[in-house]
Amino acid sequence: MYASREDIGYDFGDDSKVGSKPVKPNPNIDGGWAWMIVFSSFLVHILIMGSQMALGILNMEWLEEFNQSRGLTAWVSSLSMGITLIVGPFIGLFISMCGCRMTAIIGGILNALGWILSAYASNVHYLFFTFGVTAGIGSGMVYLPAVVMVGQYFQKRRALAQGLSTTGTGFGAFLMTALLKYLCTEFGWRNAMFIQGAISLNLCVCGALMRPLSPRYLSEKSVVRSNSEDNQAKALSHSTETVKSNGVLGDEPEKKEEAANEEVLESVQHIEIGGNSKGGRNMYGLRILKTVSQLTVTVRKGFALWYSSYFGASSLFTNRVFVAFIIWALFAYSSFVIPFIHLPEIVKQYNLSSQNNVFPLTSIIAIVHIFGKVILGIISDLPCISTWNVFLMANFTLVTCILTLPLMQTYVGLAVVCALIGFSSGYFSLMPVVTEDLVGTKHLANAYGIIICANGISALFGPPFAGWIYDITQKYDFSFYIAGLLYMVGIIFLLIQPCIQKKEPQEKSPEEAQV
């Protein structure tokens, strides 16, 4: 059904030029420091996504403390989850200018600050700004670099690497649920958030581990991947040439701009050498000028890449399959988030608290979620298996479970459905792989930023909507039914668009026209 972006006829100029010389890849690609990147990303998923999956514990504490409606209180968790993902496109700009390492370190500090300030909350609205906005932005600044770095360091085993790193979400949901429950019981929810803020400072360490690859190795990695994909897409290569002829940004203007920037820096260095005899004050001023010039060059190049990805001739939005992917993301994530936020309340309604206390349903989702990500990643890396088809099958299973969950009113029935939700939601590890196949490594940060932004919008409105429906009907059933149906609409978009794309008549190349 779908193999790579060449099958659909899109090329963003990052790996279209295949060199004739043999490429000697970086030894850290698919090995060496690449596994430290996986470990760093794994810890990020534990501390960020795992903590957010455990917010149902704090949600119950906030309901008792502030005595507000379920719909209003659910906005705290939704803002944190939603903003973490919604800021993705803007974090892509930070990554383009500052790099993944610096972006992640700043985000770790901001996330910890949000947790600590939330410990002093006097009302729910205070939590909107401290936990929802501050901690949410900080989480987004760490989460996107963690995903992008894994994509940069792996070529052959991308799905497995992403699967291993994102299993941190499942481990984190299991560990953080137990930790927050213990801390809230022993110290109260305010001290629990303060302690969690201190723990979140470890995100800065994770960011420090994100050692960047040099641009030379990134380009070599793109060439190697292009070589392997070219053998599968020769029959449709003329459609790629058509897209190029329609205005994909070339490399020449970028090279000219780089040359001009180098001239500026060389002139500054020349002045600095000539000014050695004029005293230390002039030297200090010239060094500041040189630093400002280098920073300006970096910002301009980063902004140019970010702008061209969204608004230029090679805009990501010219890829219609990618646009369908965005529409799917707008409906998908809320179906996964709603059970985590509202399952503790559902269990309480069904008088299953004693059984749930022994083994919480959210922990079942989290544990099986770990195996789902790894197993789906291994299956997707098999040469005879299409990542796209695995991705779609997992989505179908998840939407079926979401529609079935309200029908289960026993602990065993809920446990089985929750286990299936956990396994099928393992497709999250395939999202960066599918995105990279669509747009290439160069545009991965910006493209994945758009996808998680759409997921963030879904997460932002999903739990409050479920709480609002409950306030009206005193049931959560309709919340799951509506969320499941919207999710199904997104899956239909994914099914239809590639078929339309393949059926469209493609322009003939000049050689074919002559024949």
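For all residues, glycine too, the Cβ spot is worked out from N, Cα and C.
For reference, TrEMBL has these:
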- 37-502: domain 'Major facilitator superfamily (MFS) profile' (DOMAIN)
- 230-256: region 'Disordered' (REGION)
- 33-55: transmembrane segment (TRANSMEM)
- 75-95: transmembrane segment (TRANSMEM)
- 102-120: transmembrane segment (TRANSMEM)
- 126-148: transmembrane segment (TRANSMEM)
- 160-180: transmembrane segment (TRANSMEM)
- 192-210: transmembrane segment (TRANSMEM)
- 321-341: transmembrane segment (TRANSMEM)
- 361-379: transmembrane segment (TRANSMEM)
- 386-405: transmembrane segment (TRANSMEM)
- 411-434: transmembrane segment (TRANSMEM)
- 446-466: transmembrane segment (TRANSMEM)
- 478-496: transmembrane segment (TRANSMEM)
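Under 8 Å from some Cβ of the transmembrane segment (160-180) lie the Cβ atoms of residues 34, 38, 41-51, 53-54, 56-58, 146-147, 150-151, 153-154, 192, 196, 340, 360, 362-363, 365-370, 372-378, 381, 422, 426, 428-430, 432-433, all in the same chain and six or more residues away from its ends.
The transmembrane segment (361-379) makes contact with the transmembrane segment (411-434), as judged by at least three Cβ pairs under 8 Å among residues 6 or more apart in sequence. When pLDDT is averaged over the domain 'Major facilitator superfamily (MFS) profile' (37-502), the result is 77. Remark: the transmembrane segment (478-496) makes no contact with the transmembrane segment (411-434), by the rule of 3 or more CB pairs under 8 A. Of the candidate ranges 102-120, 192-210, 386-405, 411-434, 192-210 contributes the most Cβ pairs within a distance under 8 Å of the transmembrane segment (33-55). Counting C-beta pairs under 8 angstroms (sequence separation of 6 or more), the transmembrane segment (321-341) reaches the transmembrane segment (411-434) with 3 or more such pairs. Fewer than three CB pairs closer than 8 A are found between the transmembrane segment (102-120) and the transmembrane segment (411-434), and contact between the two stretches is not assigned (pairs 6 or more residues apart). Long-range neighbours of the transmembrane segment (446-466) within the same chain, counting only residues 6 or more positions beyond its ends whose Cβ lies under 8 Å from a Cβ of the stretch, are 71-72, 74-75, 77-79, 81-92, 96, 143-144, 147-148, 151, 305-306, 309-310, 316, 322, 325-327, 329-335, 337-338, 341-342, 431-432, 435-436, 438-439, 476, 479-480, 482-483.
Tertiary neighbourhood of the transmembrane segment (75-95): same-chain residues 48, 52, 55-56, 58-59, 62, 103, 124, 127-128, 131-133, 135-137, 139-141, 143-145, 148, 302-303, 306, 309-310, 333, 337, 341, 445-446, 448-464, selected by CB-CB distance under 8 Å and a gap of 6+ residues from either end.
A Cβ distance under 8 Å defines the sequence-distant neighbours of the transmembrane segment (126-148), meaning residues of its chain 6+ beyond its ends; these are 40-41, 44-45, 48-49, 52, 62, 75-76, 78-88, 91-92, 94-95, 100-101, 103-104, 106-115, 117-118, 162, 165, 193, 203, 206-207, 210, 432, 444-445, 448-449, 452.
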